[in-house]
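Participant: There's a structure below that I have some questions on.
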Number of protein chains: 2
Amino acid sequence: MTRSSAPGKVYLFGEHAVVYGEPAVPCAIERRARVGVEPRDDATLRVHSDDLSLDGFTVEYAGSTDGKPDIDVAESLVDAAMGYVDEAIAQVREVTGEPDAGFEVTIESDIPLGAGLGSSAAVVVAAIDAATRALGVELSTAELAERAYQTELAVQDGQASRADTFCSATGGAVRVEGSDCRAIDAPDLPLVIGFDGGAGDTGALVAGVRQLRDEYSFAADTVASIGDIVRQGETALADGDVAELGRLMDFNHGLLSALGVSGRSLDSMVWAAREAGALGAKLTGAGGGGCIVALDPTPETETALRYLPGCEDVFPAELADEGVRQLE
Amino acid sequence: MTRSSAPGKVYLFGEHAVVYGEPAVPCAIERRARVGVEPRDDATLRVHSDDLSLDGFTVEYAGSTDGKPDIDVAESLVDAAMGYVDEAIAQVREVTGEPDAGFEVTIESDIPLGAGLGSSAAVVVAAIDAATRALGVELSTAELAERAYQTELAVQDGQASRADTFCSATGGAVRVEGSDCRAIDAPDLPLVIGFDGGAGDTGALVAGVRQLRDEYSFAADTVASIGDIVRQGETALADGDVAELGRLMDFNHGLLSALGVSGRSLDSMVWAAREAGALGAKLTGAGGGGCIVALDPTPETETALRYLPGCEDVFPAELADEGVRQLE
């Protein structure tokens, strides 16, 4: 048995604007997916998951890719999870030159699913790392990130960001600009994440921003301003200026709101965090619904969000310095 | 007895950015202050108000400027109201060349006080109009607006916008840019106003925007983008394109949020309006707390806001085509 974990991520700055060539800064958070792999004698792939869990419901399935798993949640979610594992193993077979490799794969994750926290990227990174090692092949982090990206690209019909998989593989804070991803310095960040239990329609949200940007010069300027915030944010990260990061996150959130990608529950969580004394708060990811990320070195934001109607889950999450981690 | 009324106003677009030379578009709303004036034989000024009312409490006072009125609300509020009337009458004495004119002044208003809806400007405009007429002098609308502006300037320690008094005097939609104010064409606007019962600290909010703008180029760009929205909004007003106005109001609200002048209750009202089907919604005025304005030709937004916790008052208010109105 080999077993690896990989972290989820939040966007500190720059989501949506990154689509138009602006830089963005995602960072890995200390919430992980763990994937254990045991080679089989045949080419079969079996996936076990005891806790692809989300506060309020649990995915439990054990099946092959041929049959339907025994589940009590939306089939599409399980299909999606199975799809990522299938494709990750396809990458493993290719990179190891073992097209007939079969595995027992066990997945655990404490990253809420479908919340925009990069749970699929974390599962893919951990799965590829564990399965290649099981076959005696050690990938470099860069190669692991690339294979994980190819996996997401295949599953998501050619629409994937390098940022999620790179961030999950390398850990820490990452600067993304176009196809260039690189690790950047960052201080300890007292991140608090609030989740409304929902998810926006990423495709529709991205299309909405595009429409605004095509129609209005001030919307294009707003996208460019997000890029400026990101550049300012890189300086604040390098300086370890957490208060400045908070101010920039607040501003970034306002510009995302202007671009139509915030939502009632997201704004409600952002305000609860700010009124609890957070240094800053913003939505993270595609928006519409899903998660916010706040900076608060005190327990106040977590407490405020815990009692906020409409906030389904809240947890503190330090910056994950380490990306993929070999557990056994 | 002469008696005049004048309307309050909302900002359709451009508050805060107007401070930096960008245009803004306030528009008069069909909520009015009514001021009745009866000349006295002496130089005394007595002010009666039965309903400078705000949902939940009522200012009642009758006193001279020498003594303290008999009241049950914050003294500062009454001092402020008295200050506006005093100074308006000082302008009347000057413009009519009757320095010893005295009056019984009766004020009624259905514009919530201190809500950023221009209640003081409306009282001042109506008072100057009624009192000059009582002395047989008829001011042009331009002169009335100027005298009302001078009144606010004197009361507010040199900090006043020409927009409020101009808009109240002339009615309709107004384009303000620097010291230039002019009436512009506008269609019927299905305005709905929600009030959280509070008020932001205008000085602190304006200072906050200035600080952001001085520190960050992207904040200066955001202010400039608000100017672009205003210009686009003027076209939409001229075209009578109410749906476009709504989209622009939504965007304007997001940029104001980025500049740090929205607030939890304002965002809550804005989202309630949008989810009720409003074509657009934004804060109006200085922000922090106070009012939002939404566009909704249906009763849905009014209903949604009426039942929203934290919304103290809600009312539909058509665009007031007429500014100051001579009642008797």
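Going from the start of the chain as shown, residues are counted 1 onward.
Each Cβ is built from the backbone N, Cα and C atoms, and glycine gets one as well.
Just lifted these from TrEMBL, have a look:
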type	residues	note
DOMAIN	A:84-172	domain 'GHMP kinase N-terminal'
BINDING	A:PRO112, A:LEU113, A:GLY114, A:ALA115, A:GLY116, A:LEU117, A:GLY118, A:SER119, A:SER120, A:ALA121, A:ALA122	ATP binding site
ACT_SITE	A:ASP164	active site, proton acceptor
DOMAIN	A:236-301	domain 'GHMP kinase C-terminal'
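I'd like these features described in context: how deep, what's nearby, how far apart.
Facilitator: In the structure as shown, the Cβ atom of A:GLY114 (ATP binding site) sits within 10 Å of 16 other Cβ atoms.
Around the Cβ of A:ASP164 (active site, proton acceptor), 30 further Cβ atoms fall within 10 Å across all displayed protein chains.
Mean pLDDT of the predicted structure over the domain 'GHMP kinase C-terminal' (A:236-301): 97.
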Participant: Could you measure between A:PRO112 (ATP binding site) and A:ASP164 (active site, proton acceptor) for me? Cα positions, answer in whole angstrom.
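Facilitator: With distance taken Cα to Cα, A:ASP164 (active site, proton acceptor) is 15 Å from A:PRO112 (ATP binding site).
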Participant: What's the most sparsely packed of the binding-site residues A:GLY116, A:GLY118, counting other C-beta atoms within 10 A?
Facilitator: A:GLY116
Participant: For A:GLY114 (ATP binding site) and A:ASP164 (active site, proton acceptor), determine the Cα separation and express it in whole Å.
Facilitator: 13
Participant: Quick check: with A:PRO112, A:LEU113, A:GLY114, A:ALA115, A:GLY116, A:LEU117, A:GLY118, A:SER119, A:SER120, A:ALA121, A:ALA122 left out, which same-chain residues have Cβ atoms within 8 Å of the centroid of the ATP site Cβ atoms?
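Facilitator: So the extra residues in range turn out to be A:GLY8, A:ILE111.
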Participant: Mind tallying the domain 'GHMP kinase N-terminal' (A:84-172) by DSSP state, helix then strand then coil?
Facilitator: 53 helix, 7 strand, 29 coil
Participant: Please report the number of other Cβ atoms within 10 Å of the Cβ of A:PRO112 (ATP binding site).
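Facilitator: For A:PRO112 (ATP binding site), the count of other Cβ atoms within 10 Å is 25.
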Participant: Do you know offhand how many angstrom separate A:GLY116 (ATP binding site) and A:ASP164 (active site, proton acceptor) by C-alpha?
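Facilitator: Between the Cα atoms of A:GLY116 (ATP binding site) and A:ASP164 (active site, proton acceptor), the distance comes to 10 Å.
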